[in-house]
Amino acid sequence: MDLNQMTTKTQEAIMSAQSLAVSHHHQEVDTVHLLLALLEEQDGLAVRIFQKMNVDIEALKQGAESLIKKKPSVTGSGAEVGKLYVTSALQQLLVRAGKEAEKLQDDYISVEHVLLAFSEEKGDINQLFTRLHITKDNLLQSLMTVRGNQRVTSQNPEATYEALEKYGRDLVAEVRAGKIDPVIGRDSEIRRVIRILSRKTKNNPVLIGEPGVGKTAIVEGLAQRIVKKDVPEGLKDRTIFALDMSALVAGAKFRGEFEERLQAVLNEIKKSEGRILLFIDELHTIVGAGKTEGAMDAGNMLKPMLARGELHCIGATTLDEYRKYIEKDPALERRFQQVLAEEPTVEDTISILRGLKERFEIYHGVNIHDRAIVAASVLSDRYISDRFLPDKAIDLVDEACATIRTEIDSMPTELDEVTRRIMQLEIEEAALGKETDRGSQERLKTLQRELSDLKEVASGMRAKWEKEKEDIHKVRDLREHLERLRRELEEAEGNYDLNKAAELRHGKIPAIEKELKEAEEMGAHNKQENRLLREEVSEEEIADIVSRWTGIPVAKLVEGEREKLLRLEQILSERVIGQEEAVSLVSDAVLRARAGIKDPNRPIGSFIFLGPTGVGKTELAKTLAQSLFDSEEQMIRIDMSEYMEKHAVSRLIGAPPGYVGYEEGGQLTEAVRRKPYSVVLLDEIEKAHPEVFNILLQMLDDGRITDSQGRTVDFKNTVIIMTSNIGSAHLLDGLEEDGSIKEESRDLVMGQLRGHFRPEFLNRVDEIILFKPLTTNEIKGIVDKIVKELQGRLADRHITVELTDAAKEFVVEAGFDPMYGARPLKRYVQRQVETKLARELIAGTITDNSHVVVDVENNELVVHVK
């Protein structure tokens, strides 16, 4: 036989038959080897044809294997290694297969021709086929359903058989099987799609919208309407096939193979005479799909059929990809009619989630409160700005349910703690058992008593946990059963099987509903007691997930955080000394935000800190970050002195398209996208170019900036602090006796500020805060703070440092300069105190656990070790 006259799959089967013969030590390849080789290919055509005939594949395989085992095997020195003979029976089989191919007017011998030849085989194989009721007529019937009217004209025809089933999925069948979630709302879009599909020509809608707004769901909604027969007469018996472009392209190694597969799909649709609607999700993938040198891409192959109305196609793609790929090909674009899928409102999202609630409850085995659904819609809309409803709200509910589900399946915390304590005591018991002294024996008795008590508690808790788990699983199983019965009822009513429908509606379903109600009431009754497991998803869980995703504290305040916020002003005052007004205004803004009464469309607070250098402007920003986030690293600090040139603006929001660094994004926008809840410090703003402030206008007023890539960056959860030295000379000169700023000095500073910044910029800032120069009393407090920081650095060596009052006075006099603020003081302490301590430490005079006193002698600081 000429192998070139066979298809690739037939050649592969003959090679596999040879391998089987070698592995069984047979000297010749027979028909039974070929039969088993065909059956062992899982997704092969032979298996598909036998499945269509309802043949038991495993029984057929076992029969073939037992026939192979009967064949004589040759091993040992007499065996001719590497020599295989083809039996005359196999040669005759292949000749018969060739004749079958001629009868069917095929150019190549394919797997189906070999199967038809097998049906005429005599002997053992004939007996096996007769036992399993395999006849030539049955084979031909099944072959026609798989192959249709296609002829074998290439060496890989199997790829074109049942093309739709292989490269797509039937959405209508999936709806009938209950695999698709219900689609709530979207009626206007579904009606528009139905209107376009009912046209004579150009009846191809394309759904365009942002990712996550529910484009695919609209098509699933149409499939559900087709199942319910809630569509016009022309669409009643239609089915929707979702085409899988990746499956179509995958494995197409040779030129023309991809086109052949796609053509087979299109031919099947054409033969259906409008019964099949083709749904292509991610429609832009057809542009350029399968395009190689001289080949035609999928888009161009679809155009003629789309224009003639032979192909009913529904597309779905995002706005950006539609513009980028489809609009570039006007001939393809004009064949589609756009249907814009808008993002649903928060109210619509709540309705969608209420419709999906039952499916989530059945899948996860939890109860979802209605408050959780409302919270998911509202919080996702407010805090997750880079994604779209309803997708982000559905994800929130799903993750919250999954959190509760994993808690149900894992050991409760209370039981886990008791179990660990038991393990710890058992280890201690084993160690004490080896000791003989009286004290150890007494301790052992006490320990054994505690251990037996704990084991009793643990066994009680474990039994309670198992019972609660069992109850939850029972409710979940009943819900699943009820869901199945409701699906069966829909199917029975659709098929007018009235007996079955009546039995379900009036018999089985009410019985299960009653049982479910009793189980839920029992669970509600048990809830009054102290339960180990939670099975409710409430708004707290949703808020917790939002906080985890974004880092923004949305969850209800726990007691510790409540106290911390009420003490925020005091905490800030401990580190920022002498600036009561600034501390008070900043802490008030944070309190308003966490209480939830701030304007949701503006930042938490925006402040300009004015004052001389070294009075605590930057320190307050750092302290605020430390207090709110337990880390100064959470502060986004931008030194505005780096933005002196006009073109430096692009570094804040990203370089424009075509410039180097376009892909990298801006320093400010990227930092806030990563950490939406943070303190943004714009240091030394008067040094920046005036153009920079135009960028900040939207940030201060609407709490958002659009970066160079067109993404909206949300600043609504940031505290924006800008520092400046403008007018510091007036502040230094204009102090009252009590340390407050004179009114005329305040006016002079504000006048200078208005001269430097535009009114529209200053008008958008919440507060302009003047930092007053530090007085001598405040400087003493700063000395204490510096010494405290030094002690913190020496804490691991248990060395304490103390400055006498005289030493403090001396440091204040020698180190403080009103013009430069507290920074020279820090440098002085570093030079005069820290250096002396370092010398003594290296010399070994100061050892660990020492108490060091710094005093003044002969107008000089000295160190005494105690």
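The backbone N, Cα and C atoms fix where each Cβ goes, glycine too.
Residues annotated as domain 'Clp R' in Swiss-Prot, with sequence analysis given as evidence: 3-149.
Sequence annotations record features per position, and here Swiss-Prot assigns region 'Repeat 1' to 6-71.
The region 'Repeat 2' annotation in Swiss-Prot covers 86-149 and is backed by sequence analysis. On the 0 to 100 pLDDT scale, the model's mean across the region 'Repeat 2' (86-149) is 77.
If you look up Swiss-Prot, you'll see 162-343 marked as region 'NBD1'.
The ATP 1 binding site annotation in Swiss-Prot covers Gly209, Glu210, Pro211, Gly212, Val213, Gly214, Lys215, Thr216. Taking the Cβ of Pro211 (ATP 1 binding site) as centre and 10 Å as the limit, one finds 13 other Cβ atoms among all the protein chains shown.
As annotated by Swiss-Prot, region 'Linker' applies to 344-551.
Look at Swiss-Prot and you will find 394-528 tagged as coiled coil.
Per Swiss-Prot, region 'NBD2' is recorded for 561-773, and the stated evidence type is similarity to another entry.
A 10 Å cutoff on Cβ-Cβ distances gives Gly611 (ATP 2 binding site) a total of 27 other Cβ atoms nearby, all chains included. Look at Swiss-Prot and you will find Gly611, Pro612, Thr613, Gly614, Val615, Gly616, Lys617, Thr618 tagged as ATP 2 binding site, backed by similarity to another entry.
Taken from Swiss-Prot, the feature region 'C-terminal' applies to 774-866, supported by similarity to another entry.
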Statement: By the 10 Å Cβ-neighbour count, the most surrounded of the binding-site residues Gly212, Gly614 is Gly614
Statement: Per DSSP, the region 'Repeat 2' (86-149) contains 45 helix, 2 strand, 17 coil
- line: As a whole number of Å, the Cα atom of Gly611 (ATP 2 binding site) is distant from the Cα atom of Gly212 (ATP 1 binding site) by 49
- prompt: Looking at Cβ-Cβ distances, which residues of the chain lie under 8 angstroms from Gly209 (ATP 1 binding site) while being 6 or more apart from it?
  reply: Lys215, Thr318, Leu319, Leu340, Ala341, Glu342, Glu343
Message: Using a 10 Å cut-off on Cβ-Cβ distances across all protein chains shown, tell me which of the binding-site residues (Pro612, Gly616) has the largest neighbour count.
response: Gly616
Field: DSSP helix/strand/coil residue counts for the region 'Repeat 1' (6-71)
entry: 47 helix, 3 strand, 16 coil
Field: Nearest recorded site to Thr216 (ATP 1 binding site) by CA-CA distance, among binding-site residues Gly614, Gly616, Lys617, Thr618
entry: Thr618
- line: Least crowded of the binding-site residues Lys215, Lys617, counting other Cβ atoms within 10 Å of each Cβ, is Lys215
